[in-house]
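S.K.: Before we start, here is the structure in question, set down as structure tokens.
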Amino acid sequence: MQMKGRARQFEFLGIAFLGIGLWAWNEKGVLSNISSITDLGGFDPVWLFLVVGGVMFILGFAGCIGALRENTFLLKFFSVFLGIIFFLELTAGVLAFVFKDWIKDQLYFFINNNIRAYRDDIDLQNLIDFTQEYWQCCGAFGADDWNLNIYFNCTDSNASRERCGVPFSCCTKDPAEDVINTQCGYDARQKPEVDQQIVIYTKGCVPQFEKWLQDNLTIVAGIFIGIALLQIFGICLAQNLVSDIEAVRASW
């Protein structure tokens, strides 16, 4: 019963995540034009909901039906699939620790690639704005990374009003302001560097993320250990149930 209950939770969460992802794609018109999936140059955050939701639904379905019908094949599938995910997470953690500089370069490339596509997708735009506001940063390694975007670059051929500026999420916040000034970043990078620091965040998101990670290492490690323990517990539950079913069948 415990196995079935946990698997059902996975299944319901998976359905919820898939529903949110499909709803978001429907709102953006992706479902009516599937080819537009490849049009976005940056990362579409909806993929997170779809991938996580799909994995959770598959796990939940296999575990729930396997426990309900006492199907050892589905239970073993649940156990192996969860084990593979655990192994991949462990491998990713080790590689991230060993190849820190390579990870930093990939993160820099990832952020800059999404800076180019900032105006192409509203979900991506909101994700970048949230990141810059939360970590009080601007660009991957600095505000000048916004030169990669066609609306914010400082070239003479750029006729955009946002030329040589940054998104509002780069702006330092005034506690007295209740309403966000979405034009606060206009012409910000035309000012001298000393004046820029008053108006916008000048630190990049990569170093700010590293600082946040160091400051919250205990919490982050605790979360990952908790997730790992839940996965191991799920594998043990499935294996114990398989052993019980096979023992009963062997006694027939």
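Glycine too: its Cβ is placed from the backbone N, Cα and C atoms.
Since the structure is predicted, the reported quantities are computational estimates derived from the model, not experimental observations.
Checked TrEMBL, it gives:
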type	residues	note
TRANSMEM	7-26	transmembrane segment
TRANSMEM	46-68	transmembrane segment
TRANSMEM	80-99	transmembrane segment
DISULFID	CYS137-CYS170	disulfide bond
DISULFID	CYS138-CYS154	disulfide bond
TRANSMEM	219-242	transmembrane segment
S.K.: Fill in the CA-CA distance, CYS170 (disulfide bond) to CYS154 (disulfide bond), as an integer in Å.
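M.R.: With distance taken Cα to Cα, CYS154 (disulfide bond) is 17 Å from CYS170 (disulfide bond).
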S.K.: Which residues, given as numbers and ranges, are at least 6 beyond the ends of the transmembrane segment (219-242) yet have a Cβ under 8 Å from it?
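M.R.: For the transmembrane segment (219-242), the list is 2-3, 6, 63, 66-67, 72, 75-76, 78-79, 82-83, 85-86, 89-90, 93, 213.
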S.K.: What is the interatomic distance between the Cα atoms of CYS154 (disulfide bond) and CYS137 (disulfide bond), given in whole Å?
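M.R.: Roughly 20 Å, rounded to the nearest whole number.
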S.K.: Using a 10 Å radius around its CB, how many other CB atoms surround CYS154 (disulfide bond)?
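M.R.: If we count other Cβ atoms within 10 Å of CYS154 (disulfide bond), we arrive at 13.
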S.K.: Which chain-mates of CYS138 (disulfide bond) that are at least 6 residues away have a CB under 8 A from its CB, listed by sequence?
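M.R.: Once residues fewer than 6 apart are set aside, CYS138 (disulfide bond) is near GLN132, ASP145, TRP146, VAL166, CYS170, ILE200, TYR201, THR202, LYS203, GLY204, CYS205.
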S.K.: Just jot down the residues in the same chain as CYS137 (disulfide bond), at least 6 apart in sequence, with C-beta under 8 A of its C-beta; none if empty.
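M.R.: Long-range Cβ contacts: THR131, CYS170, TYR201, LYS203, GLY204, CYS205, PRO207, GLN208, PHE209.
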